[in-house]
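*Asks:* Here it is: the structure, laid out below.
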Amino acid sequence: MAHVNNYLLVTLLLISIYGYMGKNFVTVFYGIPAWKNASIPLFCATRNRDTWGTVQCLPDNDDYTEIQLNITEAFDAWDNTVTDQATKDVWSLFETSIKPCVKLTPLCVTMKCNKTWSSASKETTTSSASLRSSTQTLLNEDSKCIQNDSCAGIGLEEMIDCQFKMTGLKRDESKQYKDTWYKQDLVCEKGTRSNESKCYIKTCNTSIIQESCDKHYWDSLRFRYCAPPGFALLRCNDTKYSGFMPNCSKVVVSLYRMMETQTSTWFGFNGTRAENRTYIYWHGKDNRTIISLNSYYNLTMHCKRPGNKMVVPIRTVSGILFHSQPINKRPKQAWCWFKGNWTEAIQEVKETIKNHPRYSGTTNISQIRLAEHARSSDPEVRYMWTNCRGEFLYCNMTFFLNWVENRTGLKRNYASCHIRQIVNTWHKIGRNVYLPPREGELSCNSTVTSLIANIDWIDKNLTNITVSAEVSELYKLELGDYKLVEITPIGFAPTSIKRYSSVTPRNKRGVLVLGFLGFLATAGSAMGAASLTLSAQSRTLLAGIVQQQQQLVDVVKRQQELLRLTVWGTKNLQARVTAIEKYLKDQAQLNSWGCAFRQVCHTTVPWVNESLKPDWNNMTWQQWERQVRFLDANITKLLEEAQIQQEKNMYELQKLNQWDIFSNWFDFTSWMAYIRLGLYIVIGIVVLRIAIYIIQMLARLRKGYRPVFSSPPSYTQQIPIRKDRGQPANEETEEGGGNNEGYRSWPWQIEYIHFPIRQLRDLLIWLYSGCRTLLSKTFQTLQPVLQPLRLPPAYLRYGISWFQEAIQAAARAAGETLASAARTSWGVLRRAAGEIIAIPRRIRQGAELALL
């Protein structure tokens, strides 16, 4: 039985030791390579120095660094805060460049108009006749019609010449005005005469219609986005990426590639994503696509507007002008021709669509065709809409599509275009009114890099590549392979180390300064390897933040005059303080846990989920953070509570430690609390005596005894107290008195002291007896329960004593063995030394015997 008890005792000891050693605590790591999706404002940088872009963006320092990461991330070009932000920002740049700024409320009057159809001209007749033919006309730089401005097929718009009366500078007199309008911009009613109609402007009552203050140029501008310090940009580096990929290899970059701000429908111009291949970004839920065209085919577009234009101002009311243009044969017209191998480029687009995993239509290339929208659509959808040097061109692409698709009918590699003043906004619903085209020749050249289209197929027989007017799709292609993330350098993980326990120092590694991007260089490493470099990581993070802050401050200082009144200037200044706020927020959070300025901070908080533990050798910090993100709120609360309790304990400890210093005993401020307490006790005793005196006096008054109102000698009257109630020893009469030693005299005030003492004594006796009875009853009740609990401690004491006796016996045996071995060794050594010492004597004795 004793052996069983010993085994049980040893088992309990091992279990308790294992339970203590196997317990994990929350450890806070600062500087881990982890992140989460973000949607903060970005700021832009550009190389332009001579355009309006310099007042919108900061100067570009050409710092484009890229680091490959061995991890995966989900990307979606359409569910992307960066592309949405780019759409809004480009619209802001667009509005800043050619923004209408004067409300156009006049001209909401009845106008008498004469319809002047331009189809009666010779050119239009020739053009109409040519529409019925199927000839092919191709232009190049050497074509004579380009130099003479006589290329056939430039259609003429239907124009209406109108007259109206409005009050001018003299409010009591009306003035007659003349103006020329496009037919589609007016709503007309039949007049009294056959050639006369009553017309109104369609959009005269729309409050958002405005007139431009001044004529501006819309120059080509390229800029790139930059992430504020504390944030990073991830780019999908997979050639199979098509706008959506849940697992994509990626890299970390400090800022985006250059992005083009060109706005247009149908085609994208001067894009930065053109490669030596054709690829498609396809929306994850519908048929919206943006197709990047192969740069091998050198697809370009050249637009030209003939000169000799005249703009006439019309003063409608005092201080407000409306600019008009006299009617002529070709009002507000231009034309664009296309160069490059368009036929093979569109053929490659069809092949790419056929091989795309999202496509399930016909595989016959001849049944996949490039189509346009119906004629009832908006002008920006029905025509190719683009901006050329600040003018809005609407180009009829019918001849061009016939040429590319090799259809029947007139085939031309150029399109006729018209310049409009009333333009539908592409970012929001509304219209703007701009000045008429400037005088002189207008031309612009662009590289065609993408095609905006909806791919529709109903069955396996026909597929339409319908060109689209979604301008925002251009920025899905430009920036759809990026995503913005916020660096989350604070992480939690369970370790067996508790706060204030000794830790084996780690070998320090050399710090390689990689800049801010080097912070994420270990994102693909295992947690154990990444945690070894947390000191370097956190220093790199702070150094990168400070460096980027300094660079941003420098460029803002250089541009502060230009940035004073711009919206983008405000955004750039806002980005300056984003990172430092984030860093201070992280440090404040670490400070609330008692981990300020520590890379690895062990705590006393037990790990909340023992079944969830990291694989330090195979798991990255990003993977671990995804698993424990739902525990962050609980862990944060526990850490804050533990830190509050720790601060309370430290405060109490400091209060006790202050008496360790001998000089503190003579500090008057240290004794003030005790002096105050002593005064309170004295005052309490005095008040208690007064209260007892009053109570005693009232009690005596109720009995009819009133010593208070007696004469002063009554205060000293004696109260006889018998010493012995038996018969007095001396027989004396009552008159003669007796032995004075048999009585004691007490002042009556003493009884006031005896009364509270007796009451206090009775109260203490009652409390003592009650507590003793309660403890006795409790002990008797718990006796059966405590009896089994005495055995384990008894076994433990027995085991400890047995273990001590065994150790003592082993020590005695070892001591005796060592002593015996020492005595034996000493004897052997002594005999050996004696023999060695006797050698000379033996030699001498031998020599003497030999001589004898």
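Here the Cβ of each residue, glycine as well, is placed from N, Cα and C on the backbone.
Per Swiss-Prot, N-linked glycosylation site is recorded for ASN114, ASN195, ASN205, ASN237, ASN276, ASN298, ASN341, ASN364, ASN406, ASN461, ASN464, ASN634 (among others). Taken from Swiss-Prot, the feature region 'V3' covers 303-335. If you look up Swiss-Prot, you'll see 461-467 marked as region 'V5'. Residues or ranges marked as region 'Fusion peptide' by Swiss-Prot on the basis of sequence analysis: 510-530. Annotated coiled coil per Swiss-Prot: 622-648, in sequence order, evidence recorded as sequence analysis. Marked as transmembrane segment by Swiss-Prot on the basis of sequence analysis: 678-698. Residues annotated as region 'Disordered' in Swiss-Prot: 713-740.
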*Asks:* Which site among ASN237, ASN341, ASN461, ASN464, ASN634 has the most other CB atoms no more than 10 Å from its CB, taking these as glycosylation sites?
*Replies:* ASN464
*Asks:* Checking the contact step here: among the glycosylation sites ASN237, ASN341, ASN364, ASN406, ASN461, ASN634, which have a Cα within 10 Å of the Cα of ASN298 (N-linked glycosylation site)?
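*Replies:* The glycosylation sites close to ASN298 (N-linked glycosylation site) (Cα within 10 Å), listed in sequence order, are ASN341.
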*Asks:* In Å, rounded, how far does the Cα of ASN406 (N-linked glycosylation site) sit from the Cα of ASN461 (N-linked glycosylation site)?
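*Replies:* It is 19 Å, counting Cα to Cα.
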*Asks:* Taking the Cα of ASN461 (N-linked glycosylation site) as the centre, which of the glycosylation sites listed as ASN114, ASN341, ASN364 lie within 10 Å of it?
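*Replies:* Candidates kept after distance check: ASN364.
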*Asks:* Which has the fewest other CB atoms in a 10 Å radius around its CB: ASN114, ASN406, the listed glycosylation sites?
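*Replies:* Counting other Cβ atoms within 10 Å of each of the glycosylation sites ASN114, ASN406 gives the minimum at ASN406.
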*Asks:* Can you tell me how the residues of the region 'V5' (461-467) break down into helix, strand and coil by DSSP?
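*Replies:* For the region 'V5' (461-467), the helix, strand and coil counts are 0 helix, 5 strand, 2 coil.
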*Asks:* For ASN298 (N-linked glycosylation site), what is the tally of other C-beta atoms lying within 10 angstroms of its C-beta?
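*Replies:* 12, counting other Cβ atoms within 10 Å of ASN298 (N-linked glycosylation site).
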*Asks:* If we check Cα distances from ASN464 (N-linked glycosylation site), which of the glycosylation sites ASN114, ASN195, ASN276, ASN364 wins as closest?
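*Replies:* So, spelling it out, the nearest of the glycosylation sites is ASN364.
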*Asks:* Tell me the Cα distance separating ASN276 (N-linked glycosylation site) from ASN195 (N-linked glycosylation site), rounded to the nearest angstrom.
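*Replies:* That separation, Cα to Cα, works out to 58 Å.
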*Asks:* Of all the glycosylation sites here, ASN276, ASN364, which one's CB has the most other CB atoms within 10 A?
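*Replies:* Most Cβ neighbours within 10 Å: ASN364.
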*Asks:* Hey, how far is ASN276 (N-linked glycosylation site) from ASN341 (N-linked glycosylation site), Cα to Cα, in Å?
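*Replies:* Cα-Cα, rounded: 14 Å.
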*Asks:* Return one of helix, strand or coil for ASN634 (N-linked glycosylation site), based on DSSP.
*Replies:* helix
*Asks:* How far is it from ASN341 (N-linked glycosylation site) to ASN237 (N-linked glycosylation site), counting Cα to Cα, in Å?
*Replies:* 29
